[in-house]
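Annotation source TrEMBL lists domain 'DUF112' at A:17-438. The transmembrane segment annotation in TrEMBL covers A:28-46, A:105-129, A:135-156, A:163-181, A:201-221, A:252-279, A:328-349, A:358-380, A:386-406, A:413-443, A:463-486.
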Amino acid sequence: MDLLLTAAQVALAPAALLAVLAGTLLGVIFGAIPGLTFTVAMALVVPMSFSLETAPAIGLLLGTYIGGMTGGSVPAILLGIPGTPSAAATVLDGYPLTRRGKASLALGTAVVASAFGGIVSLIVMVVSVDMVAKLALRFGPAETFGLLVFGLSTICGLAQKSLVKGLIAGVLGLMVMTIGIDEMEGVQRLTFGTVVMQQGISLLVAMIALFAVPHVIDAFVDHYTGGRRIEAVADVRAELPTIRDILRDFWLMLRCALLGTGIGAIPGTGGPIAAFLAYAHAQKSSKRPERFGKGEMAGVVAPETANNAVTGGAMIPLLSLGIPGDPATAILLSGLLIHGLIPGPMLFIQNPGEIYQIYLAIIVAYVSVVAIQLLGIRFFVQVLRVPAHLLAVGIIIMCAYGAFAIRNSVFDVISVAVLGAMAYGLMRVGIPLTPIILGLVLGPAIEREFRTAMILSEGDPSVFVGSLPAAVFLGLAVLIVGTQVVRATRATLSARRTEDKASASVTPSE
Amino acid sequence: MSAEPDQSRRLDLIAGGILLLFALAWTATVWRTVPPGFDGIGPRAFPFWLGVALAVLSAVLFGRGLRGSPPPADAEDDDPPAGATVSTGLRLGLVAAVCGIIAVYGVLMQKIGFLPATALTVAATLVVVLGERRPLIVAGMALGIAVGAWLAFGQVLGAYMPRGTWISLF
């Protein structure tokens, strides 16, 4: 109890509250602008959190994460364009509601559903995260290695369209993190004798380069091709649903919140999957399924509850095991690391106060989200009118200064430029960028735990199958990758058969 | 056969080829420059085997492009990339422009200080790269972003703002 009160004193101090509010505002803005994801906002915010104390820094990061997840619903409802992939399912009924003149109520309902989903997921997280962490405390290097490899295997879920390209991305991320001084034996690796390379590639520099720079380039390309144009939006306000409306959808919201939390807890899944599953569930369980897609409020409630519940779910493996499940939590992890908080089971022993601060920051962030969305909806409508290429100019400045602020080094700024160009090239040839981040984040720990386990077992690799948890985790990783390989092979064979049939049907007529 | 699968195979071929060469160069450099260490799993093992893994995966990608394996049935891209029809020259130009601006801005920050460097970079980007000709927009954005960022980062967050070695206004 004392610990909670002390944490409350720190987390609810004016500076911390202001940081959560600022983060939430930034997250909602980035989430609300189609194409500008809140992952970009998080990559830009992490270097800014350097100069802050731990509590405001945590608040800034969590506020950006939670605000971003919620902000995506604004353009989804008003314009029919999801601000974030997680809000894609909200478009299905949110936009028809706007066309029927119910935009204000849809926006208000989305805000309430989002906050409900987030708070329920927080409760589930608080209950479960400690148990998972206690279990993980019994792990030695071999078990931790197995767990990390299992986390890395979620690359398959993040690989989007091609498993080979996803694996290439993951390996590239792991490779980058081996550059610099080897932390176990102090040997220089791929530094080419230069001093600047000895400290390796900064994780934050890589994140800014991977997420923000390609976005800026795309915004400029769109400008030259006359790409996306935002149509005029009428002035709206957010109108809260009545108590009767909330009670009518209460059980649906609860079910979707639990579904979203569960999905979020599985690394590699995330908001879009949870939102679409919740939408399908709402339609199936509705007495009026035929009204879905035409402006049914439950079609907004379900995805918005579920995608926000993902935030609490994703925090379970992040805090208890140190495994991020998506790019946003990977950036959150790096932000926590900068402030000396190492997510994983030891965090609960070494920094119990900070754990409570995280819980409180999440609650404050959800309260801020509700306040900001209800009061500031007209402001977001104005922001939506600003052309994307002009916003991108501001992002260039944030990218460069953010990279500079990490170590006050121009080398880091130039690294962002070089890595950004490379990231854009990889993106253009279809290599997904998210698995690179997972490789960057998990790489050093995987190598360290593997080598420590091998040293302790005097070079006997059977240590990885001799321990039941290690064997289970490694088995699961093999199963996940194996399943994906089989699925990808089948899909390729099926596509080839279709192509063969098509060419066979063309040949006789020639 | 449509042009899209052809394009996809060509990209696989290019990406696979470049990455394969990179992986081979990486593996050779690691073998030559990183000592194996005292036991079997020393500092060389991880980067070396990662290089080998990348070489194998790149070869698979290259082979796919060479053989012309069709993309999986579920691999259709619902959301075409930005400016799907834009010429390669313009795209490369914009990549060079954005990355060049970031690098030059980094150097300028140290030479002339944060405020002038930011205002100059924003104005130059708007005029030269984006072709913006409205003086109010250019001046407003240049000053707005520079002063706004200086206030937010330097004054509110207390972050270090480079003062400039050639000229120093603050």
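Every residue, even glycine, has its Cβ placed from backbone N, Cα and C.
The model shown is predicted, which means the values in this text are computed figures rather than measured ones.
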Item to check | Touch test for the transmembrane segment (A:252-279) and the transmembrane segment (A:105-129), at least 3 Cβ pairs under 8 Å | outcome: yes
Next on the checklist: Taking contact to mean 3 or more CB pairs closer than 8 A (sequence separation of 6 or more), are the transmembrane segment (A:413-443) and the transmembrane segment (A:201-221) in contact?
Outcome noted: yes
Item to check | Intrachain neighbours beyond the transmembrane segment (A:358-380), with Cβ under 8 angstroms and 6 or more residues off its ends | outcome: 7-8, 11-12, 16-17, 20-21, 23-25, 28-29, 32, 55, 58-59, 62-63, 65-67, 70-71, 74, 107-108, 111-112, 114-115, 118-119, 122, 126, 235-238, 240, 311-312, 315, 319
Checklist outcome for this item: If you count CB pairs under 8 A between the transmembrane segment (A:328-349) and each of A:105-129, A:201-221, A:386-406, A:463-486, the winner is A:201-221
Next on the checklist: Need a quick answer: max count of Cβ pairs under 8 Å to the transmembrane segment (A:463-486), which of A:105-129, A:135-156, A:201-221, A:386-406 is it?
Outcome noted: A:135-156
Checklist outcome for this item: When counting C-beta pairs under 8 angstroms to the transmembrane segment (A:386-406), the leading stretch of A:105-129, A:135-156, A:201-221 is A:201-221
Next on the checklist: Given a Cβ distance threshold of under 8 angstroms, which distant residues of the chain, six or more beyond its ends, lie next to the transmembrane segment (A:28-46)?
Outcome noted: 60-61, 64-65, 67-72, 74-75, 79, 81-85, 87, 204, 207-208, 210-212, 215, 218-219, 228, 230, 327-328, 331-332, 334-335, 338, 369, 372-373, 376, 380, 383-384, 386, 388, 391, 395, 398-399, 402
Checklist entry - Taking every residue in the domain 'DUF112' (A:17-438), what is their average pLDDT? => result 83
